[in-house]
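If you check TrEMBL, you get these features:
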type     : residues                                                                                        : note
ACT_SITE : His155                                                                                          : active site, proton donor/acceptor
ACT_SITE : Lys159                                                                                          : active site, proton donor
BINDING  : Gly10, Pro11, Arg12, Gly13, Arg14, Met15, Gly99, Thr100, Thr101, Ala125, Pro126, Asn127, Phe128 : NAD(+) binding site
BINDING  : His156, Gly165, Thr166                                                                          : (S)-2,3,4,5-tetrahydrodipicolinate binding site
DOMAIN   : 131-265                                                                                         : domain 'Dihydrodipicolinate reductase C-terminal'
Amino acid sequence: MSKTRIIVAGPRGRMGLEAVKLVANEEDFELVAAIDRKYDGYIVKDIDGMPSLDAPVYTDVEACFEAVEADVLIDLTIPEVGYKHSRLALEYGIRPVVGTTGFTKDQLNELQQLAEGKGLGIIIAPNFAVGAVLMMQFAKMAAKYFPDVEIIERHHDQKLDAPSGTAAKTAELIQEVRHEKKQGHENETETIEGARGADVDGMRIHSVRLPGLVAHQEVMFGASGQTLTIKHDSYNRESFMSGVKLCVDEVQKIDTLVYGLENLLQ
Ligand SMILES: NC(=O)C1=CN([C@@H]2O[C@H](COP(=O)(O)OP(=O)(O)OC[C@H]3O[C@@H](n4cnc5c(N)ncnc54)[C@H](OP(=O)(O)O)[C@@H]3O)[C@@H](O)[C@H]2O)C=CC1
Ligand SMILES: O=C(O)C1=N[C@H](C(=O)O)C[C@H](O)C1
């Protein structure tokens, strides 16, 4: 069987480096290029801290897609760049697996249309950790019975987007089963702006950013005389890699956009 030919965008990042290591360690995967904004013309193994791989590095994405035959692009960058990479990848017949968070609904719709037009798969997964996906699913189940809910996500202080993609996705899943409800006292006021967090149909999202954290989320439900808390912690970035591998395998079998790893789990 031939190997899956993979391009990683963002290879020096916290997640990108872990993804490069995954590709290096999987027998069925081959790194055919990396997209990096600083090391144009290098070979991956010549960049400090990278595994010993001979794949070329490109800064110009189109030049990369023109020159390199690839099956899958793994994107772990920033939203504007990840969106641009995904569009171009689809144009070039390469299937994107996107971990980058912060895409807008319009961007998701556009990518879905493009993927379907081309008959290609694309997977956008706000969280690749299986435990986090289960946490979101359990939260959705609980929200049917507990409409009062606050999401508290905690991340390292280098994270750019707030709320996290996982929190946004959790809120979307809860919205599917929860009727809009303003929580808290009807006359509550914020004496310091933002004290009650972000408001999604009346439910609240709180984003904590501190050094020392990796990626953590609690979904807390309350009802008369009881609370229920569903919690997930990622203590390192390896926790995301089995999900990345699953997405690389699955994206080659589909011809539309899949948003969320839960859609791939049996
Ligand atoms: N789906 C999931 O399970 C997970 C998703 N994420 C998401 O993945 C993304 C990356 O996270 P993380 O690895 O922690 O972030 P890092 O900041 O560590 O890495 C981001 C990478 O993107 C590159 N980059 C930044 N700006 C540009 C640009 N304008 N053009 C090209 N490359 C650029 C950076 O290069 P440079 O060093 O030069 O800035 C770096 O290599 C985030 O959106 C995060 O939310 C994170 C963890 C899990
Ligand atoms: O930036 C991160 O670190 C993470 N980003 C994703 C998100 O925004 O939900 C996934 C995970 O929480 C780690």
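Yeah, the Cβs are placed from backbone N, Cα and C, and that goes for glycine too.
Remember, TrEMBL labels are computer predictions, not curated facts.
Model, not experiment: these values are computed from the prediction.
Long-range C-beta contacts of Gly165 ((S)-2,3,4,5-tetrahydrodipicolinate binding site), restricted to its own chain and to partners at least six residues apart, with a cutoff below 8 Å, comprise Thr101, Gly102, Pro126, Asn127. In three-state terms derived from DSSP, Gly165 ((S)-2,3,4,5-tetrahydrodipicolinate binding site) belongs to a helical segment. Within 8 Å of the centroid of the Cβ atoms of His156, Gly165, Thr166, where the record puts (S)-2,3,4,5-tetrahydrodipicolinate, the same chain has further Cβ atoms from Thr101, Pro126, Asn127, Glu153, His155, Lys159, Asp161, Ser164, Ala167, Ala215, Gln217.
All chains included, 17 other C-beta atoms sit within 10 angstroms of the C-beta of Arg12 (NAD(+) binding site). Under 6 Å, Cβ to nearest atom of ligand 2: this is the test, and of the recorded positions Gly99, Pro126, Lys159 it is passed by Pro126, Lys159. Close contacts with ligand 1, defined as a Cβ under 6 Å from any of its atoms, occur at Thr101 among the recorded positions Thr101, His155, His156, Thr166. Here the Cβ of His155 (active site, proton donor/acceptor) has 22 other Cβ atoms within 10 Å, regardless of which shown protein chain they belong to. Counting every protein chain shown, the Cβ of Lys159 (active site, proton donor) has 16 other Cβ atoms within 10 Å. When pLDDT values are averaged over the domain 'Dihydrodipicolinate reductase C-terminal' (131-265), the model yields 97. For the domain 'Dihydrodipicolinate reductase C-terminal' (131-265), residue counts in helix, strand and coil come to 42 helix, 38 strand, 55 coil, using DSSP. A straight line from the CA of Gly99 (NAD(+) binding site) to the CA of Thr166 ((S)-2,3,4,5-tetrahydrodipicolinate binding site) spans 11 Å. Sequence-distant neighbours of Gly10 (NAD(+) binding site) (same chain, 6+ residues apart, CB-CB distance under 8 A): Gly16, Ile35, Asp36, Asp75, Leu76, Thr77, Thr100. In space, Arg14 is the closest of the binding-site residues Arg12, Arg14, Phe128 to Lys159 (active site, proton donor), judged by Cα positions.
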